[in-house]
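> The feature ATP binding site is assigned by TrEMBL to GLY21, VAL22, GLY23, LYS24, THR25, THR26, ARG129. Annotation source TrEMBL lists Mg(2+) binding site at THR25. Per TrEMBL, substrate binding site is recorded for ASP43, ARG67, GLY90, ARG147.
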Amino acid sequence: MSENIEIPIREKNIVLIGFMGVGKTTIGKLVAQKLYRDFIDVDEEIEKIYKIPITQIFKELGEKEFRKFEKEFIVNTCSQTKLKVISLGGGAFLHEEVRNVCLSRCIVIYLDLSWESWKERLPLIIDSRPVLQNKTLEEIEEIFFKRREAYALHNSKICTNDLPPETVADSIVESIKMAWDLYQPHRE
Ligand SMILES: Nc1ncnc2c1ncn2[C@@H]1O[C@H](COP(=O)(O)OP(=O)(O)OP(=O)(O)O)[C@@H](O)[C@H]1O
Ligand SMILES: O=C(O)C1=C[C@@H](O)[C@@H](O)[C@H](O)C1
Ligand SMILES: [Mg+2]
(Lines of atoms letter the chains of each structure in order from A and count residues from 1; the text may use other names and numbers.)
(Lines give C-alpha, C1' and ligand atoms only; values in the text may rest on other atoms or scores of the structure.)
(Ligands and ions follow the chains in the order given, each with its own letter.)
Protein backbone atom coordinates (compact mmCIF):
# COMPACT_ATOMS: atom_id res chain seq x y z
CA MET A 1 0.00 0.00 0.00
CA SER A 2 1.24 3.50 -0.74
CA GLU A 3 1.44 6.06 2.07
CA ASN A 4 -0.66 9.17 1.65
CA ILE A 5 1.91 11.94 1.86
CA GLU A 6 0.76 15.55 1.74
CA ILE A 7 2.96 17.25 -0.85
CA PRO A 8 1.27 20.22 -2.53
CA ILE A 9 0.31 19.00 -6.02
CA ARG A 10 2.11 21.92 -7.71
CA GLU A 11 5.37 20.79 -6.08
CA LYS A 12 5.12 17.08 -6.78
CA ASN A 13 7.64 15.47 -9.08
CA ILE A 14 6.22 14.42 -12.43
CA VAL A 15 7.21 10.86 -13.29
CA LEU A 16 6.93 9.35 -16.76
CA ILE A 17 6.43 5.59 -17.04
CA GLY A 18 5.82 3.16 -19.92
CA PHE A 19 7.41 0.49 -22.06
CA MET A 20 10.96 0.92 -23.36
CA GLY A 21 11.15 3.13 -26.42
CA VAL A 22 7.75 4.76 -25.90
CA GLY A 23 9.46 8.15 -25.52
CA LYS A 24 9.89 8.78 -21.77
CA THR A 25 13.37 10.29 -22.13
CA THR A 26 12.58 12.33 -25.25
CA ILE A 27 9.26 13.66 -23.94
CA GLY A 28 10.38 14.06 -20.31
CA LYS A 29 13.06 16.53 -21.41
CA LEU A 30 10.48 18.60 -23.28
CA VAL A 31 8.01 18.57 -20.37
CA ALA A 32 10.78 19.76 -18.03
CA GLN A 33 11.65 22.63 -20.38
CA LYS A 34 8.02 23.66 -20.73
CA LEU A 35 7.52 23.71 -16.94
CA TYR A 36 10.94 25.30 -16.15
CA ARG A 37 11.91 22.26 -14.07
CA ASP A 38 15.05 20.17 -13.72
CA PHE A 39 14.97 16.89 -15.65
CA ILE A 40 16.22 13.58 -14.30
CA ASP A 41 16.52 10.56 -16.58
CA VAL A 42 17.08 7.58 -14.31
CA ASP A 43 18.93 5.50 -16.94
CA GLU A 44 21.26 8.41 -17.73
CA GLU A 45 21.94 9.02 -14.03
CA ILE A 46 22.78 5.34 -13.49
CA GLU A 47 25.13 5.42 -16.50
CA LYS A 48 26.85 8.51 -15.05
CA ILE A 49 27.32 6.82 -11.68
CA TYR A 50 28.67 3.53 -13.11
CA LYS A 51 30.49 5.40 -15.92
CA ILE A 52 29.44 2.75 -18.45
CA PRO A 53 26.36 2.29 -20.68
CA ILE A 54 23.46 0.19 -19.37
CA THR A 55 24.18 -2.57 -21.92
CA GLN A 56 27.60 -2.91 -20.31
CA ILE A 57 26.17 -2.84 -16.76
CA PHE A 58 23.94 -5.77 -17.75
CA LYS A 59 26.91 -7.64 -19.28
CA GLU A 60 29.46 -7.02 -16.54
CA LEU A 61 27.37 -6.84 -13.37
CA GLY A 62 24.15 -8.54 -14.41
CA GLU A 63 20.52 -7.47 -14.55
CA LYS A 64 19.98 -8.23 -10.84
CA GLU A 65 22.58 -5.64 -9.78
CA PHE A 66 21.11 -3.09 -12.22
CA ARG A 67 17.58 -3.64 -10.89
CA LYS A 68 18.69 -3.29 -7.25
CA PHE A 69 20.52 -0.04 -7.95
CA GLU A 70 17.68 1.27 -10.12
CA LYS A 71 15.13 0.63 -7.35
CA GLU A 72 17.26 2.29 -4.65
CA PHE A 73 18.05 5.27 -6.87
CA ILE A 74 14.38 5.92 -7.66
CA VAL A 75 13.17 5.43 -4.07
CA ASN A 76 15.84 7.86 -2.80
CA THR A 77 15.29 10.42 -5.56
CA CYS A 78 11.51 10.43 -5.24
CA SER A 79 11.68 10.58 -1.43
CA GLN A 80 14.18 13.44 -1.31
CA THR A 81 13.17 15.74 -4.18
CA LYS A 82 10.25 17.84 -5.37
CA LEU A 83 9.57 19.92 -8.50
CA LYS A 84 11.46 17.58 -10.88
CA VAL A 85 10.44 15.83 -14.07
CA ILE A 86 11.71 12.25 -13.84
CA SER A 87 11.76 9.68 -16.66
CA LEU A 88 12.05 6.12 -15.43
CA GLY A 89 13.60 3.20 -17.29
CA GLY A 90 11.06 0.90 -18.93
CA GLY A 91 11.35 -1.85 -16.30
CA ALA A 92 11.51 0.32 -13.19
CA PHE A 93 7.78 0.35 -12.47
CA LEU A 94 7.84 -3.44 -12.04
CA HIS A 95 9.35 -2.89 -8.56
CA GLU A 96 6.60 -2.57 -5.97
CA GLU A 97 8.64 -0.05 -3.92
CA VAL A 98 9.05 2.12 -7.00
CA ARG A 99 5.31 2.06 -7.69
CA ASN A 100 4.60 2.93 -4.06
CA VAL A 101 6.99 5.86 -3.79
CA CYS A 102 5.99 7.28 -7.17
CA LEU A 103 2.25 6.99 -6.57
CA SER A 104 2.45 8.46 -3.08
CA ARG A 105 4.78 11.40 -3.76
CA CYS A 106 4.61 12.16 -7.50
CA ILE A 107 2.21 12.64 -10.39
CA VAL A 108 2.62 9.50 -12.52
CA ILE A 109 2.04 9.86 -16.26
CA TYR A 110 1.83 6.68 -18.32
CA LEU A 111 2.95 6.99 -21.94
CA ASP A 112 1.13 4.33 -23.92
CA LEU A 113 1.70 3.18 -27.51
CA SER A 114 -0.05 0.41 -29.46
CA TRP A 115 1.92 -2.75 -30.19
CA GLU A 116 1.63 -2.02 -33.94
CA SER A 117 3.14 1.46 -33.53
CA TRP A 118 5.76 0.24 -31.05
CA LYS A 119 7.04 -2.37 -33.54
CA GLU A 120 8.04 0.50 -35.86
CA ARG A 121 10.24 1.91 -33.03
CA LEU A 122 12.10 -1.36 -32.56
CA PRO A 123 14.96 -0.64 -35.04
CA LEU A 124 15.69 2.63 -33.18
CA ILE A 125 16.24 0.94 -29.82
CA ILE A 126 17.11 -2.71 -30.40
CA ASP A 127 20.89 -2.30 -29.94
CA SER A 128 20.76 -0.22 -26.76
CA ARG A 129 18.14 -2.15 -24.76
CA PRO A 130 19.62 -5.36 -23.30
CA VAL A 131 16.17 -6.74 -22.41
CA LEU A 132 15.39 -6.97 -26.15
CA GLN A 133 18.53 -8.92 -27.06
CA ASN A 134 18.20 -12.48 -28.39
CA LYS A 135 14.40 -12.41 -28.24
CA THR A 136 11.87 -13.25 -30.92
CA LEU A 137 9.21 -10.68 -31.77
CA GLU A 138 6.66 -12.99 -30.10
CA GLU A 139 8.68 -12.99 -26.87
CA ILE A 140 8.96 -9.20 -26.94
CA GLU A 141 5.21 -8.94 -27.55
CA GLU A 142 4.58 -11.08 -24.47
CA ILE A 143 6.73 -8.76 -22.31
CA PHE A 144 5.00 -5.72 -23.85
CA PHE A 145 1.54 -6.91 -22.79
CA LYS A 146 2.64 -8.39 -19.45
CA ARG A 147 4.16 -5.07 -18.35
CA ARG A 148 0.92 -3.24 -19.00
CA GLU A 149 -0.33 -4.71 -15.69
CA ALA A 150 2.26 -2.67 -13.79
CA TYR A 151 1.81 0.47 -15.89
CA ALA A 152 -1.96 0.30 -15.25
CA LEU A 153 -1.24 2.00 -11.92
CA HIS A 154 -0.87 5.68 -12.85
CA ASN A 155 -2.49 9.08 -12.42
CA SER A 156 -2.89 9.94 -16.08
CA LYS A 157 -2.41 8.09 -19.39
CA ILE A 158 -1.46 9.63 -22.72
CA CYS A 159 -1.76 7.58 -25.90
CA THR A 160 1.17 8.63 -28.06
CA ASN A 161 0.29 6.80 -31.31
CA ASP A 162 1.28 8.90 -34.34
CA LEU A 163 1.95 11.97 -32.19
CA PRO A 164 5.28 13.80 -32.37
CA PRO A 165 7.13 14.33 -29.05
CA GLU A 166 6.26 18.08 -28.90
CA THR A 167 2.54 17.34 -29.16
CA VAL A 168 2.71 14.67 -26.47
CA ALA A 169 4.68 17.01 -24.19
CA ASP A 170 2.12 19.81 -24.72
CA SER A 171 -0.72 17.48 -23.87
CA ILE A 172 1.05 16.31 -20.67
CA VAL A 173 1.63 19.92 -19.61
CA GLU A 174 -2.01 20.75 -20.29
CA SER A 175 -3.26 17.81 -18.24
CA ILE A 176 -0.90 18.63 -15.35
CA LYS A 177 -1.96 22.28 -15.29
CA MET A 178 -5.58 21.16 -15.21
CA ALA A 179 -4.84 18.95 -12.18
CA TRP A 180 -2.95 21.80 -10.47
CA ASP A 181 -5.89 24.20 -10.98
CA LEU A 182 -8.43 21.62 -9.82
CA TYR A 183 -6.67 20.55 -6.64
CA GLN A 184 -4.63 23.62 -5.71
CA PRO A 185 -6.27 26.65 -7.33
CA HIS A 186 -4.40 29.96 -7.18
CA ARG A 187 -6.05 32.35 -4.75
CA GLU A 188 -6.09 36.06 -5.66
N1 LIG B 1 6.51 10.48 -30.15
C2 LIG B 1 7.51 9.96 -30.84
N3 LIG B 1 7.41 9.79 -32.17
C4 LIG B 1 8.42 9.24 -32.87
N5 LIG B 1 9.59 8.79 -32.36
C6 LIG B 1 9.73 8.93 -31.03
C7 LIG B 1 8.72 9.51 -30.21
N8 LIG B 1 9.15 9.49 -28.93
C9 LIG B 1 10.38 8.94 -28.96
N10 LIG B 1 10.73 8.62 -30.22
C11 LIG B 1 11.99 7.97 -30.63
O12 LIG B 1 11.96 6.63 -30.09
C13 LIG B 1 13.24 6.26 -29.58
C14 LIG B 1 13.13 5.89 -28.12
O15 LIG B 1 12.77 7.06 -27.37
P16 LIG B 1 13.19 7.24 -25.85
O17 LIG B 1 14.62 6.90 -25.66
O18 LIG B 1 12.73 8.59 -25.45
O19 LIG B 1 12.29 6.12 -25.15
P20 LIG B 1 12.21 5.70 -23.62
O21 LIG B 1 10.76 5.53 -23.31
O22 LIG B 1 12.96 6.67 -22.79
O23 LIG B 1 12.92 4.28 -23.60
P24 LIG B 1 13.56 3.50 -22.33
O25 LIG B 1 12.45 2.94 -21.51
O26 LIG B 1 14.30 2.38 -22.94
O27 LIG B 1 14.41 4.47 -21.59
C28 LIG B 1 14.16 7.46 -29.84
O29 LIG B 1 14.88 7.21 -31.04
C30 LIG B 1 13.22 8.64 -30.03
O31 LIG B 1 13.72 9.63 -30.88
O1 LIG C 1 12.47 -1.96 -19.99
C2 LIG C 1 13.53 -2.31 -19.43
O3 LIG C 1 13.62 -3.33 -18.74
C4 LIG C 1 14.69 -1.42 -19.55
C5 LIG C 1 14.54 -0.19 -20.16
C6 LIG C 1 15.61 0.81 -20.24
O7 LIG C 1 15.05 2.08 -19.98
C8 LIG C 1 16.75 0.52 -19.28
O9 LIG C 1 16.38 0.84 -17.95
C10 LIG C 1 17.15 -0.91 -19.36
O11 LIG C 1 17.60 -1.15 -20.66
C12 LIG C 1 16.00 -1.86 -18.99
MG1 LIG D 1 14.57 6.43 -21.46
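First residue shown is number 1, and so on along the chain.
Cβ from N, Cα, C; glycine included.
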> At the level of the C-alpha atoms, what whole-angstrom distance separates GLY21 (ATP binding site) and GLY90 (substrate binding site)?
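Cα-Cα distance, GLY21 (ATP binding site) to GLY90 (substrate binding site): 8 Å.
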> Note down the number of other Cβ atoms within 10 Å of the Cβ of THR25 (ATP binding site), including every protein chain shown.
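I count 18 other Cβ atoms within 10 Å of it.
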> Which ones are near VAL22 (ATP binding site): of the binding-site residues ASP43, ARG67, GLY90, ARG147, which have a Cα within 10 Å?
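The binding-site residues passing the 10 Å Cα test are GLY90.
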> Which one of these binding-site residues has the most other Cβ atoms within 10 Å of its own Cβ: LYS24, ASP43, GLY90, ARG129?
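Checking each of LYS24, ASP43, GLY90, ARG129, the winner is LYS24.
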> Go through the binding-site residues THR25, GLY90, ARG129 and pull out the ones with a Cβ less than 6 angstroms from some atom of ligand 2.
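Checked binding-site residues vs ligand 2; flagged GLY90, ARG129.
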> Give the distance between the Cα atoms of ASP43 (substrate binding site) and THR26 (ATP binding site), rounded to the nearest whole Å.
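Counting only the Cα atoms, the answer is 12 Å.
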> Check the Cα-Cα distances from LYS24 (ATP binding site) to the binding-site residues ARG67, GLY90, ARG147 and tell me which is shortest.
GLY90
